[in-house]
Amino acid sequence: MGAIWAARDFCLFLLLLNSRQSAALPEIRDPCSEGSDGCHIDAICQTTQGSYKCTCKAGFKGDGKHCEDIDECDLEYNGGCVHECNNIPGNYRCTCYDGFNLAHDGHNCLDVDECRFNNGGCQHTCVNTMGSYECRCKEGFFLSDNQHTCIHRSVEGLNCMNKEHGCAHICKETPKGGVACECRPGFELARNQRGCILTCNHGNGGCQHTCEDTENGPICRCHVRYSLQPDKRSCVERDEATIESADHNATSFTEVDKRVKRRLLMETCAVNNGECDCTCKDTSTGVRCSCPVGFTLQPDGKTCKDIDECELHNGGCEHFCRNTIGSFECNCRKGFKLLTDERSCQDIDECFFERTCDHTCVNSPGGFQCLCIKGFTMYGLAHCGDINECSVNNGGCEQGCENTMGGFECFCHPGYKLHWNKKDCIEAEGFPPAKPPSKPTLNCSKQAGGDRCFLTCQSQVHISSGTEDSYTVTCGMPLPCLADAQKNNSGLHCLGPETTSVPRIKTTATFKSGTAKCNLKRSQEKLKESLNSAHSDSRFLFTENVQFSYVSLRCTSSGQRTRSRHGRKAGEEDGSSITAEFELDVNLEEVTAESCDLNCVRRRSEKRLRKTIRTLRKSINREQFHFHFAGSDYELAKSLGKPAELPGHCVAGQVLVGRKCVSCSVGTYFDGDQGRCVLCPAGTYQDEEAQMSCEVCPGPEGREVSKVVGARNLSECGGQCSPGQYSHDGFPPCLPCPLGAYQPEVGRTTCFSCGGNLVSKRSGAVTFQECETKVQCSPGHYYNTSTHRCIRCPTGTYQGEFGQNYCVSCPGNTTTDFDGSTNIMQCKNRHCGGELGDFTGFIESPNYPGNYPANVECTWTINPPPKRRILIVVPEIFLPIEDECGDYLVMRKSSLPNSVTTYETCQTYERPIAFTSRSKRLWVQFRSNEGNSGKGFQVPYVTYDEDYQELIEDIVRDGRLYASENHQEILKDKKLMMALFDVLAHPQNFFNYTAQESREMFPKSFIRFLRSKVLRFLRP
């Protein structure tokens, strides 16, 4: 032991001495550190005594000056990979076929049990197979063409709905009434034209490793290091003696030469792969083990361990990283999609899709929000319905209340007039008559051989925007019919009690504006000068000169409206329609006792009005109708064939901000002379967006009140009685509401009674909830002041608060499933069904994306043009899960129960499915029972040229389309599906998308999948 310690000390002494001598010697150049060596880029430079040595890196071969990649896939039986070996510089990677996952050794491939996840998307039973899976149906059902859902068998007829049709996979009806059988992708039709024979193209033929097609079907073989199991499909790793025997064609280890035996006993790649997990290479110093990409060599120098790439910088993933054997996957949060770099996530712009929201859609990272314009409220998560303000405390009106689209109006009984607050009624006697506002005037003249009309409005102008390409303009003050009044058959006037001393004629007309689109924009022409010249020039005599009391013009672009719900029909053109409402006061000066009484004058006025409407119709057809207000002239619609608008040209009430037209906000108006939004001056207010003027604030006679600039509503004008107070004119001095009364609004002349002899908790009460009721009503009920009981809100109404004395009417055309509703989300639109368009469209459950109503039945029909077929994609469908089918969706040839059925389901499926119709036309029905409700579905469809039938069916029937999560997300991505459907419906539109756009839209795996299908289809 002492000798060993002495030797060690001597070595340390020599090392120390050598270091001192080195310090004294001149510095020796190190070419490796200087980078002046001649080693190849794939070599390692090692400094030696006075020189250097180049050695190729692992995975490369050469003398160090020149190194080339070793293709491991050409060595040692496909690099040890049982499926595919992919060579990469300095290494290799094993990959598996669809339906298999890479094993932990990085070489073997193991079957994926698709049935473990969401039952494989199968409606009934999922059966896992090697490399694939198959869906099976319960007794009495058969598998549909999409290979996932089940259809109820019929016992009638001789078509494909008959349970004895005999086809193993897919049954098709022939023109002569017979049946023809087809097979799923990866199968071949048997000689009997009924059965289907499996091939290696489907799930690797059911083989774990290698598949070879023969006349009798696939034959399975295993990698040389594995042996075939008795099931003739699976493979297990062989033991050492078996591998050695197979590699050397030896029958007995004892017969090997002794020198070979000694060599085998040494550490060499020839024995048990050098104990390496993966690749083994013999070197002068022994064996060198290496691992494929995605694995790292452990300290023992033998074992390979999977690298968890997600541990370092989240694998480079922007959102989520999921480690897999030999690799990893990036995933995105909901509302984002994975980009083609397979790392980054991009927000999905839900607002890109025109059907997302009824009115305004605001996109945000990972989501979106739907907003409704003033006077409308949200229902069904995305839809906007008119608010019936009159259903809530009579709209706050003291006497009468009439609901209008997007608003409401209070009116008074005879002998009273409306107060400035537009809610209270005051006696008409004793007040000096106010100067009547100028009435809207229609002037028409003959110019350039045709009629040209101008509608001029100097005051009481109101603009409201609906959906894109639609708007409503009103001018003047309408005269609402009283509750007990009725319209006559012609709809020209109100019958019953007159609301004023002057009878009024009311009429409605609809005008088509050719191919013009709704587009309320300032005219490029100098219409004002034209109008003035028409007044002064005798050549332009007015053929019509009518003063109306009220005019409403609602413009709707017909092409836009059709696309928003059903898709396009053949021969349907883009255009617009203008629905006009006119109110005209009867001229009492024309009444004479002898010749013409009031009814006679009314008939004359109606006749003149009909003539005026005919003239106006000609003007609109020639696009020679213009609207003059707020000092500017506007066109109501613009033809698509006209030149594009000048940059920065926005619609009325909007201003250009950057490159986007933005509506002037509340508290401002659009100044046509300045071309910008301007704050409402002191003494005025504006409570709506995109308006051209501001309303005058009310004020007490002879007194100054505090007024602000940019007032956004009547209450911001200032100087009015606060809620819980009142006065004779709505201005100070104010009194508190007495006990037993309340007032929730400003500037009122009265207070509302609690009713039923109820007393409020204090004077100056603001809401009915401060009235001391005998019982406290819960949401879904209202307090009846006559019976002093809580009554359930009737169907079509709801109440979400405690202790209220009213129920709120559901917005628009919605209603509730039952009485006693507590939330506006329980208001549902029941409208559904109809004839769908020719090329693309949607089938969606009523009220989607909100829950569909109970006890509803919808029927659609899709009739494609000649030589076109129907492709349908069901991204997801949400129906209540029950033992027996309650709510269901069915698609078949006709309404007959035994007609050819393409699809039917009564369950929830969150995995998408695509399929072609089994018939030329489709009859679609959705039905819910009386107690169910759910989110439902939105199912897009496209019709395509039947010449592509074989290609489309090959794509949608291939399980690989649904196997990848990325592929599933494509079928749920509305923007991508729109692009795909656009090309399928109109193949020439393919050239509208550049190659770069295609690569950015779809992942590489999806493009490879489609390319292989298309190339096979086009192959002669």
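Including glycine, each Cβ sits where the backbone N, Cα and C put it.
Looking up Cys351 in TrEMBL gives a disulphide bond whose other cysteine, out of Cys345, Cys361, Cys370, is Cys361. When the domain 'EGF-like' (347-385) is classified with DSSP, helix, strand and coil residues number 3 helix, 18 strand, 18 coil. Segment contact is absent for the domain 'EGF-like' (111-147) and the domain 'EGF-like' (347-385), given fewer than three CB pairs below 8 angstroms at sequence separation of 6 or more. For the disulfide-bonded residues Cys351, Cys361, counting C-beta atoms within 10 A of each C-beta gives the highest total at Cys361.
On the 0 to 100 pLDDT scale, the domain 'EGF-like' (347-385) averages 86 in this prediction.
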